[in-house]
Each structure stands twice: as structure tokens, then as C-alpha cells.
Amino acid sequence: MNTNQNTNLKEITMYTDGACSGNPGPGGYGVVMLYKGHRKELSAGFRDTTNNRMELLATIVGLETLKEKCNVNLYTDSQYVVNAIEKGWAKKWRANGWMRNKKEPALNPDLWERLLKLCEFHNVKFNWVKGHAGHPENERCDQLAVAAAKQPNLPLDVR
């Protein structure tokens, strides 16, 4: 994570959420991006995925959508995502060959690698928000994610 905010960069506010029915099961992600009065919403669904993969993918897709380096205030209800980045867990897992400890592999290394690279490019500040607590943008992300997970003929997860 690059927390040195550059005042010459665009300031993006991003909300993300993932949802999964069954865990594993069909899942989806939702993203709401805000910039100077503009709004962009993104969502997609996959079959046979997990909630954590969808939380990660929401964050990744949102950041990958940005066409240039930006300052990003990212809000998610996923403590998994926030803690792994803010507490440095994901970087430690990568340094240890994607192992959480000597016996347990870290889950979702494909997605963590993508997210870490994006965080090295953008200036991202991760913020945790309580899910299902009435925050309008977080609620919208949840609606997008749940609706995406219910679509017919979902593709396989992006593993």
C-alpha cells in the first residue's frame, strides 16, 4: 500500500462489496466509484466461488478500472481485505511463498498478488465500514453483488 497521498492525482472514493450464496457457491461483487460528481457502478457474478474471493475481486476490478495513478479512499465491509493490507499480512504471505505460517497456505494468492501490485501503483487508503448498517454506498454495492450472483449462466471463477 502506498499511503503517500499526492495532491496532483485524482481523488477517487470507492466502495466495494462481495457476496456469495453457499460459500462456496454462486457469488458476485459490486463496486461504486465516485469522482467529482461522477458515479460508476461495476458488478459481475461467478459460480463456485467464495465470499472472500468476491470481496477481493471487487477491490481489484475497481482499482484496475482506473486509467491512471490515483489517490483512492476505498471503503469495504471486509475485515479480511482491510486487515490483510493495512496490517501487512498479505505482504508477509507473499514474502513467505504464499504461506500464512509453516503449515498453512494463504488463500487466494492469485488475487492477493493482483491487489498488492495495484496498491503499489495507486495511493490506496483502506477503510472498514460496518456491513448492512445503512451506509448507502455500501448497501448499493451489496445490492449489485447479490444481483450479479443471481444471474443465469454464471462463468467460472477467475482462478
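The backbone N, Cα and C atoms fix where each Cβ goes, glycine too.
Mg(2+) 1 binds Asp17, Asp77 as Swiss-Prot records it, and from the list Glu41, Glu55, Glu64, Glu86 the residue named for this site is Glu55. Separating the Cα atoms of Asp17 (Mg(2+) 1 binding site) and Asp142 (Mg(2+) 2 binding site) is a whole-number distance of 6 Å. Listed in sequence order, the residues of the same chain lying 6 or more apart from Asp77 (Mg(2+) 1 binding site) and placing their CB within less than 8 Å of its CB are Asp17, Trp128, Val129, Lys130, Gly131, His132, Asn138.
Long-range Cβ contacts of Glu55 (Mg(2+) 1 binding site) within its own chain (separation 6+, distance under 8 Å): Thr16, Asp17, Gly18, Tyr29, Thr76, Ser78, Tyr80, Val81. Under DSSP, the residues of the domain 'RNase H type-1' (8-150) split into helix, strand and coil as follows: 57 helix, 49 strand, 37 coil.
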